[in-house]
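First up is the structure itself, then whatever we jot down about it.
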Amino acid sequence: MKIKKIILRHMKLDLLHPFTTSFGTEYDREFILLEAISEDGISGWAESVAMLDPLYNEETLKTNWHILEDYLIPIVLNNEINHPDEISEKYFSHIRGNYMAKAAIEGAIWDLYAKQENISLSTALGGTKKEIEVGVSIGIQDSIDSTINIIENRLAEGYKRFKLKIKPGWDLELIDKVRKVYPTIPLMADANSAYTLSDMDQLIALDDYNLMMIEQPLAYNDIIDHADLQERMKTPICLDESIHSLEDARKAIKLGSCKIINIKIGRVGGLTQSRKIHDLCQENGIPLWCGGMLESGIGRAHNIAITSLPNFILPGDTAASALYWAEDIIEPEVTVENGMITVPTKPGIGYDPHIQNIEKYTISTKVYNKN
Ligand SMILES: O=C(O)CCC(=O)C1=CC=C[C@@H](O)[C@@H]1C(=O)O
Ligand SMILES: [Mg+2]
């Protein structure tokens with residue numbers, strides 16, 4: 001497969017509702033939308049999930065633009081790609097980190113590959129599911145009652161699991177009151193690294209609430225302390241930020257740092273690495289689910305495809321477009337029926353780019369041609 005052109009678009013979509021976590025509040029989403037065009041004129045699409053500020057991890061929209069422009073795009077334009085599986089190891093492994101930048105270009109080439117093979121991205125990746133279960137991620141609200149109101153609305157829409165953002169001071173009382181109203185719903189908490197081992201008692205107190213898991217309670221780059229905590233907690237720990245690679249997953253499993261892993265395609269460097277982590281976790285009895293990064297429909301489409309693999313056992317964060325955006329940049333938008341999304345069977349990501357909306361929400365564009 002020869003790529004003749006890559007187009008980077010700096011996009012800005014306004015979130016319908018501000019999204020607050022332990023490290024800040026997002027009111028809109030600026031991100032890089034990447035289009036890879038083959039010599040036969042087919043376009044593959046993906047997005048970088050890097051945020052504007054280095055608060056979730058060390059990558060940002062600007063660092064991604066630099067790495068794409070100065071390193072990854074020249075490699076892709078100047079090499080013939082036989083299969084997308086080559087990209088992360090044969091072509092990108094000498095470049096350290098920058099996983100979200102790598103995932104953006106690799107994902108677009110995976111979409112392109114699947115379209116050229118006339119198969120869905122799900123099929124190309126080895127997906128087995130025809131539909132996937134999804135949950136919702138609920139940010140920190142201005143009151144516990146607001147949180148309960150959101151849960152009520154999402155329950156009515158059939159979502160299969162409820163993730164609440166927590167941080168010190170917004171944790172035990174929140175979970176206790178939610179559990180009093182909803183004693184049995186599938187409930188989990190995501191701390192985004194807001195705690196340390198000195199908060200051990202606070203965290204262990206969460207064991208009384210039958211949570212599905214607690215996501216990333218400790219430092220974003222820790223594996224060893226999570227192992228100490230998991231030894232003391234009944235509630236399964238799920239790692240998100242700590243797992244950047246297959247190696248991190250191997251170490252976390254070996255040390256017992258977690259019982260569940262949240263896969264984010266961008267965080268681990270792309271679809272090929274996501275599938276390798278999937279296979280390792282399947283061999284070791286570690287269930288997966290697909291995390292979200294407030295993606296547009298393009299990123300959501302990639303998340304749906306990877307979630308169709310068999311060890312994505314738990315509901316993920318890929319909720320409907322309408323929960324995030326007044327209008328999405330794909331057609332049709334991602335919709336959820338009774339907590340389920342049908343995995344597209346069309347070639348590639350299975351959703352078409354909404355060119356008019358892409359143009360409407362594009363801040364700037366840069367085209368890179370094969371020289
Ligand atoms: O896309 C979604 O709905 C999930 C959003 C979400 O939970 C997160 C988005 C971005 C970074 C983090 O704050 C957080 C996460 O840890 O998953
Ligand atoms: Mg998380």
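Just so you know, glycine gets a Cβ as well, placed from its N, Cα and C.
Note that this is a predicted model, so its numbers are computed, not measured.
Summarising the annotation, TrEMBL assigns domain 'Mandelate racemase/muconate lactonizing enzyme C-terminal' to 144-236. Averaged across the domain 'Mandelate racemase/muconate lactonizing enzyme C-terminal' (144-236), pLDDT for the predicted model comes to 97.
Marked as active site, proton donor by TrEMBL: Lys165. The Cβ of Lys165 (active site, proton donor) lies under 8 Å from the Cβ of Thr20, Thr21, Ser22, Ser137, Ile138, Gly139, Ile140, Ala189, Asp190, Ala191, Asn192, each on the same chain and at least six residues away in sequence.
The Mg(2+) binding site annotation in TrEMBL covers Asp190, Glu215, Asp240. Shown in sequence order, Asp190, Asn192, Glu215, Gln216, Asn262, Lys264, Arg267, Gly291 are the residues of the chain, 6+ apart in sequence, with a C-beta less than 8 angstroms from the C-beta of Asp240 (Mg(2+) binding site).
Cβ neighbours within 10 Å of Lys264 (active site, proton acceptor), excluding its own Cβ and spanning all shown chains: 27. DSSP assigns Lys264 (active site, proton acceptor) to coil in the three-state reduction, placing it in neither a helix nor a strand. Annotation comment: TrEMBL describes Lys264 as active site, proton acceptor.
Apart from Asp190, Glu215, Asp240, the residues listed for Mg(2+), the same chain places the Cβ atoms of Lys163, Met188, Ala189, Ala191, Asn192, Ile214, Gln216, Cys238, Leu239, Glu241, Asn262, Gly291 within 8 Å of the centroid of those Cβ atoms. Across the domain 'Mandelate racemase/muconate lactonizing enzyme C-terminal' (144-236), DSSP classifies residues as 45 helix, 12 strand, 36 coil. Taken in sequence order, the recorded positions Lys165, Asp190, Glu215, Asp240, Lys264 that lie near ligand 2, meaning a CB under 6 Å from one of its atoms, are Asp190, Glu215, Asp240. Checked against ligand 1, the recorded positions Lys165, Asp240, Lys264 give Asp240 as the ones with a Cβ under 6 Å from it, listed in sequence order.
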